[in-house]
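**Student:** Sharing the feature lines straight out of Swiss-Prot:
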type: ACT_SITE; residues: 127; note: active site, charge relay system
type: ACT_SITE; residues: 156; note: active site, charge relay system
type: ACT_SITE; residues: 263; note: active site, charge relay system
type: DOMAIN; residues: 57-311; note: domain 'Peptidase S6'
type: DOMAIN; residues: 1034-1300; note: domain 'Autotransporter'
type: SIGNAL; residues: 1-55; note: signal peptide
């Protein structure tokens, strides 16, 4: 800070004079141009006094020192680009920062007094002087830059030329428009703050530190130019119009007065037009006033000063007309403007082409700049280059076929590509664009920083090897692109999440991590690669911890190792790197000075004690107890675990499937890991690495999404963990534990052979689709669900089918079903038949017993298939069914015991053998309405046997209308139990005393409809008998071959519909007899048909063969005879009476005769009456099964259909030279002469016989027959029927005949 520009009132001069910043207080303020000149004159008279009164003052009355430091170092909440930032103050209230994206302070040098403006240039204040340590040697990150020249301008603005391109930042490349008036500046650079647009600027510096707390100032004079102590704030610009910018450093509560040592640091404003931060100026001095107010003065950005220096060190090389530009002995030739004056200058190439080194070229502080989107080739045998570095601007590509000097580091910037094709034997520092490693061990070491650079492998062993493979990811990192090559690391030297390992090639890469001790990788992994960590044996303390992120569709594989995925403890600024030390003996330790860190901590000890947040002042980049953690997202295909441990820690979001064998999985692990060097892991000049891992307990929210397949393993899901098993869960000999506070949701089903212990929450649902409708999911537990805590919750809803017993001794909660569920929530991609079979029409089905006498259960729209004695404290049942049934291991009757039962609109279905039954026992309270009792009807009681079987008991005075009897359909009967209510001194009971049974008309009708499928198939074959060959009249050939295909659909009542496709081929021979032509032949057929109705569906495949004869009389009469056998393979699924799916075979015989006579009305028009009679045989079938324990059977015997048909066809022919087409139409009446077969149904109530019925229908058809030449005929006919119980809706018949 300029020491001579503070103002004090002088009794001698009667006005303000300039004195040192370190002098006493100011009593007035200066105005007027003459007064400024007078001040400057007095400045150089040496009116200086020494004091700390106006050193840096961070106001920590309600803010922490760390807040100001985080601010300047882009740490904590102050990340570059962040918005809506709120600082939590010591009193718990918040301060919201101005409404603007937070600036990136990376252009600010480590010591704060200089700012990079891109390339090899920086700005500062002139009064700092060239020889000042913070100007002569400037540092960003782990790199040191030497000033080689500078240019200055009035009043105090300086721009420096450095010896290297700065790789750590792109720099603050633009300045504010200083020609604007204050009002114009407000419009362009103003931001909203506390509801008002204000001209606010942001700053960072590391001047002499003091803190102000409740008006008291505590100095730390020894602290200045320390990179760790870089601090900042935002200020209000009070004056823009003069040659200085004046800022009010105390206009708001978050105030931090610029100090000695801040001189030259930049003032940033937000350009609302360009949507970026620009530099308004550099610190010149401070005005301090008697009233305690403070203004900082900034020299305005001077573009001309910058451009003059850049022009001095730039040399443009236009290669558009040159074949080769040659550099030899420091001289550039071949470009049309040969020169020797290029030393220390940036050679700025345009036009593309070749650059040839004919000797080694040391360009001092000058670099090579490639300025357009062209390709350049730099060649030169074994000659070397040395200079400021390589800048590939504007997407240019440079093929680098020379070597860089091995005693220097190559600096690479620019968004283009540097394609390195020779081993360099030196180090690379890159911060922008792409570097391609095209040679073995291309560089000794690579330092990548700023987050804008990529290094891509393009050769085997392109990295140098060693512990870190010679690549070091410094602040904000960059990308290593494996480019299809495999790469292994012992450790990846990465300091933050800016480090990225990826593979952009379509060829998969394998990234192997082989750490031999605990190690944290702070970066990210993504792209087309697999991640492997395989060890021969399992050892402790070599855990791999990922706290950055993973994003790949490929797999991760672990063997004999430990892996943790967790979030990252947010990094914060520290006062000092390391502890205070003094090597002097005790009597002389005062010479080492005080421990300023302890002093700073002491100033905030009271706030830390009150708020319990020691992490605010503990001088550590992070702490396990801090509340702010960054969430890491880890997305992969499948994680394969073999004898390994995998944990998901706090603030991790893991997305992927897991396959585990002999492994341990922990989701929500309370053990967390931090690195006390995070953000500062890269050491020295950028080619060293350190870590200090601290392990301890720290809890935060954990997310897991995916599926798990595990064998001989353990799974533990802990407090604050949320697991969404969106894919299937398969647990073989694997115990799963859900601890208190864990929340687990499964969607795609689960199978487990071991107990699942639940202290937290387990929700089982169906699988949702994009419309939030659900496919049913099955949850099968061969062991039990153990509810081990009072807070345990077991939930099933949204089309979940759950199997497994439930056990608990705790006051746990069981919640099955969903209030709003109905079949409309079923996903459109789900078979309704499947859903009905799994869920029984309910939202949830549960099969198992519940032994939880202290637990409470709620069942809404739930089908509980109770398979064993069960006990609950309370049960609330709504729109549900409790269905007592047996299991493979328990055939006994069961008792459900409940202390309190509230039941409404529910059913209780029980079994009985007419002497014993299932029971419902309510101990303390029973309430509800509209509930029904159903009792299985397994056998019919004899008239002399009087039933009196207790089904339900409840405390006396219970309303006897809670339950009522209801009929149920079992088999083919409607069965209504007779329920009698009795009340005694201590209880009320509902008992079974008899049954009423009647035939269920719908069930019998459904059975008859199913068995009628064979008749309809017979009828379709009948309709095919006489449609074989087309029109046989006037055929000249002696023999023929033919083929036909017929496809049709039909329908009947009860929702019946069928469709069929019939294919038939045949051959025949013509016999010319006296007065007639006789055709005899052989045919084979194949038919695919399917049929469905409201309660069944299925398909039939049929094959058949037959013989036929057709006589065509010269008089116009004809007779057609056919005999045929057909075999049918059937598969039908029925949903009535529990029939299920049946596979069975049947067969049928056909004998048909048709006669007709064709009368010619004219030579080419005719009318043809017809009559047909078909007699056949259809084989019978029989099914036997159980429905709800009742034995059922249904059968039909062989029967013989007899079907007649009469009708008339009319037609007209059209002919040409060698063709003839006949159009025809027909109308007929088809009728059954004999009823089709009888169906016999039997259940526990007796036998029911369903007589076959006759049917008839009207047939209608239109068609065309065509003759081409004498031997080719084909036809097409359309047909349908009406007025029948069964009708052909549409049928099309196509035939083709070839005669020879």
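Glycine residues also receive a Cβ, built from the backbone N, Cα and C atoms like all the rest.
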**Student:** Using a 10 Å radius around its CB, how many other CB atoms surround residue 263 (active site, charge relay system)?
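**Tutor:** There are 30 such Cβ atoms around residue 263 (active site, charge relay system).
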**Student:** Cα distance, residue 156 (active site, charge relay system) to residue 263 (active site, charge relay system), nearest Å?
**Tutor:** 10
**Student:** Any idea what DSSP makes of residue 156 (active site, charge relay system), helix, strand or coil?
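**Tutor:** The three-state answer is coil.
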**Student:** Can you tell me whether DSSP puts residue 127 (active site, charge relay system) in helix, strand or coil?
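**Tutor:** SS state of residue 127 (active site, charge relay system) = helix.
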**Student:** Within 10 Å of the Cβ of residue 127 (active site, charge relay system), how many other Cβ atoms can be counted across all chains shown?
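**Tutor:** I get 21 for this one.
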**Student:** Looking only at Cβ atoms, how many others are within 10 Å of the one on residue 156 (active site, charge relay system)?
**Tutor:** 26
**Student:** Mean pLDDT for the domain 'Autotransporter' (1034-1300), as a whole number?
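**Tutor:** The average pLDDT of the model in the domain 'Autotransporter' (1034-1300) works out to 89.
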**Student:** Quick one: Cα separation, residue 156 (active site, charge relay system) versus residue 127 (active site, charge relay system), in Å?
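**Tutor:** Distance (Cα to Cα, whole Å): 6 Å.
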**Student:** Should residue 263 (active site, charge relay system) be counted as helix, strand, or coil on the basis of DSSP?
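**Tutor:** Where residue 263 (active site, charge relay system) sits, the three-state DSSP reduction gives coil.
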